[in-house]
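Look at TrEMBL and you will find A:ASP126 tagged as active site. Taken from TrEMBL, the feature substrate binding site covers A:LEU75, A:CYS76, A:HIS77, A:MET111, A:GLU112. According to TrEMBL, the feature domain 'Molybdopterin cofactor biosynthesis C (MoaC)' maps to A:15-148.
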Protein chains: 6
Amino acid sequence: MDKLTHLDATGAAQMVDVSAKADTVREAVAEGVIAMAPTVIAAIRAGDIRKGDVLGTARIAGIMAAKQTSALIPLCHPLPIASVSVDFEYLETGVRVETCVRTNGKTGVEMEALTAASVALLTIYDMAKALDKGMVIGPVRLLAKSGGKSGDWTAG
Amino acid sequence: MDKLTHLDATGAAQMVDVSAKADTVREAVAEGVIAMAPTVIAAIRAGDIRKGDVLGTARIAGIMAAKQTSALIPLCHPLPIASVSVDFEYLETGVRVETCVRTNGKTGVEMEALTAASVALLTIYDMAKALDKGMVIGPVRLLAKSGGKSGDWTAG
Amino acid sequence: MDKLTHLDATGAAQMVDVSAKADTVREAVAEGVIAMAPTVIAAIRAGDIRKGDVLGTARIAGIMAAKQTSALIPLCHPLPIASVSVDFEYLETGVRVETCVRTNGKTGVEMEALTAASVALLTIYDMAKALDKGMVIGPVRLLAKSGGKSGDWTAG
Amino acid sequence: MDKLTHLDATGAAQMVDVSAKADTVREAVAEGVIAMAPTVIAAIRAGDIRKGDVLGTARIAGIMAAKQTSALIPLCHPLPIASVSVDFEYLETGVRVETCVRTNGKTGVEMEALTAASVALLTIYDMAKALDKGMVIGPVRLLAKSGGKSGDWTAG
Amino acid sequence: MDKLTHLDATGAAQMVDVSAKADTVREAVAEGVIAMAPTVIAAIRAGDIRKGDVLGTARIAGIMAAKQTSALIPLCHPLPIASVSVDFEYLETGVRVETCVRTNGKTGVEMEALTAASVALLTIYDMAKALDKGMVIGPVRLLAKSGGKSGDWTAG
Amino acid sequence: MDKLTHLDATGAAQMVDVSAKADTVREAVAEGVIAMAPTVIAAIRAGDIRKGDVLGTARIAGIMAAKQTSALIPLCHPLPIASVSVDFEYLETGVRVETCVRTNGKTGVEMEALTAASVALLTIYDMAKALDKGMVIGPVRLLAKSGGKSGDWTAG
């Protein structure tokens, strides 16, 4: 599992061929966290941020970014995304995002779920950075995927 | 410092007006890490990844993402980006990216540096995920910014 | 018909899941109008506009915008657009556009047809605005849709 | 005022040259309306729409569209947008949007303000269309512009 | 073969309707050349270019451009691209690129293969232009296509 | 002239820093040719192409592509493009395009002029390919550039 045959002798980058794969329902769930000072969390909760409604804006940014994933990640396949959800939860030390993306396509949507989470967190950073430039993004990681030939996977 | 006046009574999202700000040279430096199993690091170093040259591809993805930042982050201003660099370093536990973005504009380039780092790390995930879906992205954070009226800032 | 069950308790925006829907041929027809002074209509007809051929340019803009619909409208699904047509008609009081979009996909193409019409009209405004900034866009509306589980619909 | 010299003999479309123009602060204000049944207005006000928070989503869509204007409108110049605001007002017969865009550039931002208004209204249509496909967009029009050599303009 | 029925009386541009066509595996292979002085070829081979690794960057640019083809070419249909490869070969007089694109869709991928080749060559020009502005791109041409109702085709 | 100092020891790709350069008026002129059978030229002239008005569509595609250059070419700087023109001429053996791009910025617009020419020619190929898949694009080359510290340049 920790080694894969090269597709060509030179190791050059390429989009792996998925034309022979079947269209099946595939789902991926990712999560991410942004850590910040308690005063910043309080300001976000109170809507007390100069740029406006933070989590509502970050949700839209995450959803729209999921649809741009194949334009951002060079070797990622374009997929007909069937749904995206982006949900937030306040932590004592920041904000947690959980994203879920579904498609009916030939490859998985792990990258779409991770991209949605990353861009949602970057948007929170952008909106709150006038208060605190020391916010830290991460961990961002895949929680689970299902569908496709390689089968289901859940984070340990 | 932990409170900002609302620009309107409703708290609606908006792009903050920068039309009266001066064009000055501004720079931002960000970093990020992706953690992975030693076998995956070894595969990346050996060029032993099915999708091809990992860090070279991630570098281009990061540079191109920096230029798309204002299209991804809803309230971020478009800026004439003057330079972007994306550098990698192997750690024992993964890969570290450091990005530096410079502009001659009316607002800072923190978001561009953070976006470049995030997308570079997402690209590494994409290229190595056939080996290990449990890779974790983060911490991603700003290291320093300079230029503009708000002055210089360095991570504590 | 005037009420829909919330998908979650918070009312947060999300892309509705269409992964279980069938791919069927769907079509939408939209129309729009831009009102302008008779002298401007005459200038457009005569090709007497500094920026060039107005309706030919607006047609291409509308077609290309239809393909960008899911990148512009946050909760709109990306669809494999199968055809777009954008046709114009001179009125005594301006120009009328009629668009028709077809797909073989899981959701309708109403938004694509409306977006094509809107961007075509905005392009006419752009090209003629040196003559008349008082041009008015609208009404823009759906004329008909067919295909999909919700069935056919025609404007009353 | 109702006639302009052709820039070339053939009437071919082209981007008008603005390289000799000065960078000045320019502002444009536009408005638009979407008409809908009272039950739909009530559903939007109550947050009773399956796709989520309607006006918050439409605001972000309008702001992001303003930044994409030069990619949508063929002969429109790219501009360093300095601010965008998108505000809504409930009418008895629908929703009214007012947009304001500012730049420090070589041409006006009328198209950015009109594009923001149009895409905000299209987003409202998208989110409420499960309740009412007969909603009508328009009039969408420029209310005022200021700055630049051609001077100020206000709708009559 | 040298004449086609007009779809409408006016000759207006439109996206041809492919909604009734079947999804089949389709492939296109294109090639292109950029001619340059021997000293420039030597600099590229030696990695002696100020902007960095030329062919690695051009490969990624070509792959990403293939995915943007329907956004660049007005009447081109969006397609679920299943694979893209971009390979280079040094000639005595320059560099040759060969691209191969595959899809499982309703129309061919000739434009995607040609666009990938063109953008890869433009990227080489960009990276080496500090050394030689007189580089010449072309010929760029289709070598072969297969799949779809119109059948296979190979350059004579 | 045939050697440039590496900016870093590793040869990694990067956007060259232009933040210290002055904004000056810069212009670039490029040309390109597409060769095709006489019957295809005749069909284009007669408007006898199923997809519609060929050169009008190709002109808009070229202009819009010029504005997307920095999104397509990885290390190319975003520039405030001040004008783009795309002109065509019938040859006995095909069609010739000449593009002219102007900016008031920190780097030249050679890539914008070459990209506009390439995409205009690709659009001609797309629209006429039902008649002739053997059309050949090129030579595409820079004719002249002016402005900037490196001074004027004209093709030999």
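Keep in mind that glycine also has a Cβ here, set from the backbone N, Cα and C atoms.
Any TrEMBL annotation is an automated prediction that lacks curation.
Just so it is clear, the model here is predicted, and its values are computed rather than measured.
Annotated features taken from TrEMBL, shown on the structure.
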residue: A:LEU75; record: substrate binding site; Cβ contacts under 8 Å, 6 or more apart: A:ALA13, A:GLN14, A:MET15, A:VAL16
residue: A:CYS76; record: substrate binding site; Cβ contacts under 8 Å, 6 or more apart: A:THR69, A:SER70, A:MET111
residue: A:HIS77; record: substrate binding site; Cβ contacts under 8 Å, 6 or more apart: A:MET15, A:VAL18, A:SER70, A:GLY105, A:LYS106, A:THR107
residue: A:GLU112; record: substrate binding site; Cβ contacts under 8 Å, 6 or more apart: A:ALA28, A:ALA66, A:THR69, A:LEU79, A:ILE81, A:VAL84, A:VAL101, A:THR103
residue: A:ASP126; record: active site; Cβ contacts under 8 Å, 6 or more apart: A:LYS51
Notebook entry, point to check: Across all chains shown, how many C-beta atoms besides its own are within 10 angstroms of the C-beta of A:MET111 (substrate binding site)?
Noted result: 27
Check: Using DSSP, would you call A:CYS76 (substrate binding site) helix, strand or coil?
Finding: coil
Check: At its widest, how many Å does the recorded substrate site span between Cα atoms of A:LEU75, A:CYS76, A:HIS77, A:MET111, A:GLU112?
Finding: 13
Item checked: the domain 'Molybdopterin cofactor biosynthesis C (MoaC)' (A:15-148), counted residue by residue under DSSP: helix, strand, coil -> 45 helix, 46 strand, 43 coil
Notebook entry, point to check: For chain B, which of the recorded positions A:LEU75, A:CYS76, A:HIS77, A:MET111, A:GLU112, A:ASP126 fall under 8 Å by Cβ?
Noted result: A:LEU75, A:CYS76, A:MET111, A:ASP126
Notebook entry, point to check: Can you list which of the recorded positions A:LEU75, A:HIS77, A:GLU112, A:ASP126 come closer than 8 Å to chain E, going by CB to CB distance?
Noted result: A:LEU75, A:HIS77
